[in-house]
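Engineer: Dropping the structure in here first, questions after.
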Amino acid sequence: MATPVSVLRLPKGPDPNSRGFDPRSPRFIALCCTSIPTSAASEADAEELQKEQHARSVLRETFLRCLLSMTNKKVQFHMHEKVKVEATFGASDIDVLNFQVSDLHTPIGVQKEALISPVRIAQPVGLQVQP
Amino acid sequence: MAMRQTPLTCSGHTRPVVDLAFSGITPYGYFLISACKDGKPMLRQGDTGDWIGTFLGHKGAVWGATLNTDATKAATAAADFTAKVWDAVSGDEILTLAHKHIVKTVNFTQDSSRLLTGGNDKLLRIYDLSNPEAAPQEIAGHTSAIKKALWYNNDKQILSAAEDKTIRLWDRSSMQEVKTLTFDTSVSSMEYMPDGDILVITYGKTIAFYNALSLDLIKSVEAPAPINSASLHPEKDFFVAGGDDFKLYKFDYSNKEELESYKGHFGPVHCVRFSPDGELYASGSEDGTLRLWQTAVGKTYGLWKCVLPEDLGAENSEQLYTSPPEIKA
């Protein structure tokens, strides 16, 4: 009777909470281009790096404030096939791929609650983002 | 002592796995990408099957997936009418290439500068990845949906297989058709081995091997069941095939003898490929799993451990896991 080959363990499966590509892995650290142009240069200027980091922080904060300020506001979404729909904005997922909305007005009726993945969002004229 | 094959099952996909591809051997090992109808292609470490990441972004079934040689880029073809190029280190989407119909197949040139796509609109497209805004070059000719397209002969030519039951060879510079092979039924898979100048084609129950330069038939083998995919070992001593009877078959390439066959998958096998070092082969199935199979059963490699009888009782032996034995068909 043949003996089955032993294995050390089973292959690791996906992490349900993450899309993976661990930034701490040796391959990531060695190969991943930094998105900060200054730090990619061979002789990074500390002051320039600081300015870029600050600029990126500001951009991130502005983006998050923008998302927050849209909460409970009426927003227009441009979907695939040139469909435009209006809804009350709720929240975004971490990858900004899906949005939770309420009162979604679609060509075939009003959906009380929905999750959508639009091509882009167009805000109604007059919406101000407060810092 | 005879050893029985223990396949390693890679779970994670929730729908059928329809395509898979290995990268070349890199300083970090080699990698495996799987295309799945759940729309979420995954990258895995090639020798262990460990999940590395999932490429998120497609909005439809992913029909084709490929890696460039050094596994820094991935490309996928999907039912959402797009092909996408990804950074295979960070998982980020680099490019979305809009098409007019379902995209079925993608392939990088050796230097990763160009991407070839094909799909249900019957056109082959060549994208310059350094200038993705530019319109792709298009090659028309097939009369049905394209299933598979490959760069060929040092990227000087293109080979494509379609539902019109033909395989066509195209010259890259002139964009003209050079040769056509016609079959009685549409080809289910193609694998090109540039090093050995061999083309592996499957159709019906047949696994056929062609001289890649002349496109003359070298030999063909009939399997016990309809075959969806086959792969030739890098050293050309074996080939493996899988198809509609859920089994994996291993044949001797020289004498065409069926050496082994394995049950394991719970659905038809859609794709099978040898790893670049030939130590294992991976299969993707309708059952939503990928399985890794040893070429030399019992050898210590990856997660497989050769255990001699005298080691089994030793105090300091590693904790070993033995999965339920797979039934040899």
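We count from 1, first residue shown onward.
Just so it is clear, glycine is given a Cβ too, placed from its N, Cα and C backbone atoms.
Below are the features I grabbed from TrEMBL:
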- B:55-96: repeat 'WD' (REPEAT)
- B:96-137: repeat 'WD' (REPEAT)
- B:139-180: repeat 'WD' (REPEAT)
- B:262-294: repeat 'WD' (REPEAT)
Engineer: In the predicted model, what is the mean pLDDT computed over the repeat 'WD' (B:139-180)?
Structural biologist: 96
Engineer: Are there residues at least six beyond either end of the repeat 'WD' (B:55-96) with Cβ under 8 Å to its Cβ atoms? List them, or say none.
Structural biologist: 15, 18-24, 26, 28, 30-31, 33-43, 102-108, 110, 112, 115, 117, 119, 127, 129, 132, 148
Engineer: Do any residues, 6 or more residues outside the repeat 'WD' (B:139-180), come within under 8 Å Cβ-to-Cβ of it, and if so which ones?
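Structural biologist: Beyond its ends, the repeat 'WD' (B:139-180) has Cβ neighbours at 64, 102, 104-105, 107-111, 114, 116-126, 186-190, 192, 194, 199, 201, 212-213, 215.
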Engineer: How does the repeat 'WD' (B:55-96) divide up by DSSP, counting helix, then strand, then coil residues?
Structural biologist: 0 helix, 22 strand, 20 coil
Engineer: Per DSSP, how many helix, strand and coil residues does the repeat 'WD' (B:262-294) have?
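Structural biologist: Looking at the repeat 'WD' (B:262-294) with DSSP, the answer is 0 helix, 18 strand, 15 coil.
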